[in-house]
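Asker: Below are the features listed in TrEMBL for this protein:
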BINDING   K122  ATP binding site
DOMAIN    93-343  domain 'Protein kinase'
DOMAIN    471-549  domain 'POLO box'
DOMAIN    576-661  domain 'POLO box'
REGION    553-576  region 'Disordered'
Amino acid sequence: SQFPKITEVHQPAGSMKAVKGYKKLGFKTKECNLIMSPNTVNLKDRDKDPRYMSMSLDSGVDGLKDSPDVSTVNGNDVDLPEYIVDPISKTTYLKGRFLGKGGFARVHEVTDLTTNIVYAGKIIPKSRITKPHHKNKITREVSLHSCLNHKHIVRFHKYFEDDDNVYIILENCPRKSLVHVMKHRSALKEEEVRYYLRQLIEGVQYIHSHKIIHRDLKLGNMFLTEDMVMKIGDFGLASHVDVEKIVTICGTPNYIAPEVLKKHSHGFEADVWAIGCIMYAMLIGQPPFETSTLNETYFRIANNKYTFPPMISESAKSLIRLLLHPNPSNRPSLEETLRHNFFTRGYTPKVLPSSCCMRSPAFHVIPEDNLRFSERPKSMNESPVLPKEDIKKITSSLSMLKVGQNEPIKSHIVGTAVNQNQTRSLGCQDLFAPRPKSNAHRLHVSLSICLDTMPEDSLINPPTLPFTPVFVTKWIDYSNKYGFGFQLCDGSVGVLFNDSSEMDLISRKSQIRYEDTSGKVHWYPTESVPSLHQEKYTLLRYFVQYMDENLTDGGDTKQRKTTNNNEETRRDHGPQMRKWMRSSDMIAMELTNGTFQVNFLRDHTKLVFSDDESLGLLMTFINGERYSQTYRLLTLARIGCPEIVRERIIYALSFLGEFKEMDDIGKFLC
């Protein structure tokens, strides 16, 4: 039968214009027929089907399960076009990576060939739309989702169809869903749960304000952007609420509210119940009523039977009990939920690092009394030496890199790690954490305090200092064979070899400093390097030649002031490379004098964090034209900084967090 002719919906701004004419298609706000979303089954049918006797969480894009790249209709393969053309706008999309599939939809990355923007494309073969309620479900999903425009809702971009398929073009969330996070993490920290729940509640508040019930809130429908922003997706079961409440049974069994299970009328409170199940699942690792059999799960939901493990805090238990109250009228509103002690008396990070998808983050909430400086580390240069075999393990995990490669910048954000309520005042020494485990640890805490304290919308240009610290002006990564080469702005050049040794050419390139794998330092004139080290010296000269001939200096090296506290050491030689790490869009380096540098590869901007004995922590920003400006971190904390600088500080914290974790477990690259 012919699919209802909606032609095209393009909904960039949440306007109601996109859904004009939907009533002509027979769109109804009350459901008579129901099509279940992936892992969302009709309860009556599920009891009969042994495949559903064990609950599994779905994943993928927009609520779709991960599965092999296969699509069938009655056992026959369905071929999807490589190029998808919108018949109205003539926009062409290139079908890319397979992301997941559901009841009768497949999702691929699709790239708009005009703008190169990547979307998530839901592709539904018309051969699978065999019944009227299938068509009604798609019409309803498009109608409701296209009217929503919120930062915590997967963005609806476009709807169109051709002779073979229906296409729904959505915002792409490349970090997939929270189900993926839970697969790697098992359970989340309370700080993370607050972060995700706040965003979830804000999104649900917006949905409810449009008189829409989502009816399928769960971890698999909470998607993560590149920046770790949570977005609600999959509106396949959503319904508009009029005066009468809905009585249709639908949803994912582990998240179904008791009033839905008992076929009572239900409304917004069913979504509140689901939020309680989500909170429990994030903290404990599985939904509260999950059992090995569906009947037992239904029994526990109907009788409100669930337990808490001992490690769950009292405030978390209290909120979960309220959200999972068997009487819908006794559940808190979303506004009341955000006022609960779980949120008001606990730290909520502003941002999270993408590493949270794989491993637990470290939050360092500092008591107010500890915001006063007590004692700095005795030496920035004191660091354990990692055994050679461990160095190889770490180095081999780094990707092979190309010199000077320009790649699009991607957000990789780490959360600030200090309670906002505990940063009311900052003295001159407040930006030094007491007795940190490492320089990276100390700097991470200090930058977090700085970000939490500084005004977000400052119009004042902070005063600058008339010098720049020692920083890396050139680098070359040949770690797939030999090591990492670098040049400092003082002219010294070095190579950090894969075996953890380092060789530096200093003193106007007349002396060699060689630190062997045991940490012992040897000095040689360039004309008398022992034969034992000649191979590495040859490699060093190759690195020097390549950087001299092919790379330009990465910043203004005039008006330079070194910031090493040891004057004699400064006169003899500059700092060495301590460790480095690179992603597709940034590279971070830490020197032995404590300087921490992040280069942004797309626009060639840089941040350099250094320490001065009299001025404290400093931050140098080097723009794309290689001009530098140096600020006191204390000044930035008090009056703020330009947005371009603030954004890069947040990005830099992602690498700093990685360095800190490496230090915490005793892993170093040199």
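Keep in mind that glycine also has a Cβ here, set from the backbone N, Cα and C atoms.
Situate these features within the shown structure.
Answerer: With a 10 A radius on its CB, K122 (ATP binding site) counts 28 other CB atoms from all the protein chains.
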Asker: Quick one: DSSP breakdown of the domain 'POLO box' (471-549) into helix, strand and coil?
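Answerer: With helix first, then strand, then coil, the domain 'POLO box' (471-549) has 22 helix, 33 strand, 24 coil.
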Asker: Quick one: DSSP breakdown of the domain 'POLO box' (576-661) into helix, strand and coil?
Answerer: 26 helix, 37 strand, 23 coil
